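Asks: I'd like to ask some things about the structure below.
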């Protein structure tokens, strides 16, 4: 019987406060997250941003216990998925590849080679595909695989996105239903989907399918929820976690919360639709920041649906996903990592420079100006930032 390796790809997160700076550096070193006009500037810019953001981010992690639980939860998901697959007769072993913190993709590849895996199934723990999440992880895996003659020979099948998978939808409905049942008037409870945002240019200029998949997913969940409950609840979709000067997908979560408060919504069921495990965006951003905004807006009952974590229906769904990937049409790593044909952002292989209206280009220009100003002041020891007391 073939030895199957199931590779679960995720973001990763700092486990201790001292990890926050290096984690942010890794994050912003990824050109799929922030893009500069010349690759030589990528790492200096990542250092600048991670240095400026480190203190604020450390405070956020301190508010949830001093570190991210994402590795612990992902390891629990991997163990339970492995057990479920073996119960179904597969000789499967699960591995974890984090994009920006330990255990990195290189570590997972080394473990699979050492274990003599015969074929690999790759599952990104992002239900919805985006250039900056699954896309970045697939491209990193492809780069490492292409450079490894031994690992390159191992057959590999990939799942690009899985937001419409029945087990995922069913588990979301079960968790949402639990919170709705706590409301005095369940049919009046407002379901508030909040998804991690991406820059608007990723969708409009680069053809990222993320926004469409999020919208389709929220409607699928609402339809399944109606079948389960026998009524349709009012619902809204918004996007959170935006950073930087460029425009991100709208509507923004904090603005919608204020609008719902003005509309006299009393029972709010907050659904973190793009997160399969608890981490900083659920535990701090939603549970602390957005809850405070909602309460100030007059929303009386703020109920947040738990992330999927190791919910039994979700783990069952993941096992079905692995089996269907093995039995269905093959999607190889080349296809999974391929960006949409429409791409206008600068691909990693073709760094260009030009005067056009791309917000990503302007983001790069502004970032370069900030970096040069900071660099000059650090060298000279004087300038406007020193006068303002920033340096």
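Just so you know, glycine gets a Cβ as well, placed from its N, Cα and C.
So Swiss-Prot has the following annotated:
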- 196, 281: Fe cation binding site (BINDING)
Asks: Are there any residues at least 6 positions away along the chain from residue 281 (Fe cation binding site) with a Cβ closer than 8 Å to its Cβ? List them or say none.
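Replies: Residue 281 (Fe cation binding site) has long-range Cβ partners 196, 240, 241, 272, 275.
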Asks: Helix, strand or coil for residue 196 (Fe cation binding site)? Use DSSP.
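Replies: Residue 196 (Fe cation binding site) sits in a strand per DSSP.
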